[in-house]
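J.: Below are the features I grabbed from Swiss-Prot:
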BINDING   Cys13, Cys16, Cys36, Cys39  Zn(2+) binding site
BINDING   Pro119, Thr120, Gly121, Ser122, Gly123, Lys124, Thr125, Tyr126  ATP binding site
DOMAIN    1-55  domain 'ClpX-type ZB'
REGION    402-433  region 'Disordered'
Amino acid sequence: MANRTEDRKQVRCSFCGKSQEQVRKLLAGPGDVYICDECIELCYEIVEEEFDDDVAESASGINLLKPKEIKEFLDQYVIGQEEAKKVLSVSVYNHYKRVLSEKDLDVELQKSNILMIGPTGSGKTYVAQTLAKILNVPFAIADATALTEAGYVGEDVENILLKIIQAADYDIERAQYGIIYIDEIDKITRKSENTSITRDVSGEGVQQALLKILEGSVASVPPQGGRKHPHQEFIQIDTTNILFICGGAFDGLEKIVEARIGQKSIGFNAEIAHGQKENIGDLFRQVLPQDLIKFGMIPEFVGRVPVNTALDLLDEQALVRILTEPKNAITKQYRKLFELDGVELVFEEDALKEIAKRSFERKTGARGLRAIMESVMMDSMFKVPTDTSVLKCIITKESAEGKEEPRLVTAENGQQRKIAQKKVAKKSSNEIA
């Protein structure tokens, strides 16, 4: 009996070696293996720390730059819109600083989604896309006009989240740190300020449905998209750390702002209207929450996009800069395409001004530049690869106007061009092999 008691006293933790008398609890496992309460607690802490590290690793892929560095990167790709770039740089930095420091904070920081207001073609989508590229986070674009309230024909708001999951290659942890840009947000305003007995399923109903995911909640997303039904499996995603950027042209909002600040329009003079259009960015910068509510946004929605920024209407000078200055400028892209065929492409200054003028007159902004450029370049892109005597293609003002074809400079001897083409052809044949 004494020996049995002595053996029991000698039982020790198999991990730390402490005896039963030195710990509060000693649990027995198979094969005379024991673990004490202190080692259990230590194991729990290690597992929890590794789990937190895994979550942090998903977020650690975020390339968080300082606001000034973010703006400097934006400057390489986005022409003009200085105020908007500054506001977005600060807001995005604060959002991801909150995300990366969340477990170390003793004060809960609420996320600040962003509302961008600006005319068509002012660069709203492009700015949001460039921000995601800077930060190395998944990015998805959703069209608010396709959304309807649950139970009606159209897309559920959860389908927006499926797009960010797909952008992250179904890596849910990574998707939860992404950026979602909701375009045409001004098209889901309620139809009337007065309460109606009929449901507004594509206006106020969509705004109501968006509230939860904007604020942060765990949403159930159908993996194949479409409508939910009770017998399908769902993907769970937490939207707390997803940054939502909403954008829209908000046509007519400037009149609400004018009425509030006391500016009056006199008569129907077209010149006055044109002057107001040039000043539309300044008016949008004075937008207050009550202006958005009067426009048709519900107060709860306005409260969930607290950061507002305005983008200016791009004038002809800005459009010329967009054609030439950014790292991925359209003219640089076309020059590279011609260079691959061994041809030098030259744009005359007057030609660029004409292309910018046509885009400005069409009121398509930066978005319309590529379509115009494509029509100007089409004949040359069709002929030049075949005609090996062409060394240079010059886009003149007349060719930009569509009055004549681009000027082609040919060599008396096509040898130089043929050598360049042989290199390309050789590379292509090797790739095929």
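From the backbone N, Cα and C atoms, a Cβ is placed for every residue, glycine too.
Fair warning: this is a prediction, and the values are worked out from it, not measured in the lab.
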J.: When you measure from the Cβ of Cys13 (Zn(2+) binding site), how many other Cβ atoms are you left with inside 10 Å?
T.: 21
J.: Among the binding-site residues Pro119, Gly121, Gly123, which residue has the largest number of other Cβ atoms within 10 Å of its own Cβ?
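T.: Going through Pro119, Gly121, Gly123 one by one, the largest Cβ count within 10 Å is at Gly123.
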J.: Out of Cys16, Cys36, Cys39, give me whichever of these binding-site residues has the highest number of other Cβ atoms within 10 Å.
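T.: Selected residue: Cys36.
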J.: How many Å lie between the Cα of Thr125 (ATP binding site) and the Cα of Cys39 (Zn(2+) binding site)?
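T.: On Cα coordinates alone, these residues lie 53 Å apart.
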J.: Please report the Cα separation of Gly121 (ATP binding site) and Cys16 (Zn(2+) binding site) in Å, rounded to an integer.
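T.: One finds 67 Å between the Cα atoms of these residues.
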J.: If you count other C-beta atoms within 10 angstroms, which of the binding-site residues Thr120, Ser122 is the most crowded?
T.: Ser122
J.: Could you give the Cα-Cα distance between Gly123 (ATP binding site) and Cys36 (Zn(2+) binding site), in whole Å?
T.: 62
J.: Determine, for the ATP site, the additional residues of the same chain whose CB lies within 8 Å of the mean position of the CB atoms of Pro119, Thr120, Gly121, Ser122, Gly123, Lys124, Thr125, Tyr126; present them in sequence order.
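T.: Along the chain, the qualifying residues are Gly118, Gly247, Leu311, Gly365, Ala366, Arg367.
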J.: Other residues near the Zn(2+) site, CB within 8 A of the CB centroid of Cys13, Cys16, Cys36, Cys39?
T.: Ser14, Phe15, Gly17, Lys18, Val23, Leu26, Tyr34, Ile35, Asp37, Glu38, Ile40
J.: Restricting the comparison to the binding-site residues Pro119, Thr120, Ser122, Tyr126, which residue's C-alpha is spatially nearest the C-alpha of Cys16 (Zn(2+) binding site)?
T.: Tyr126
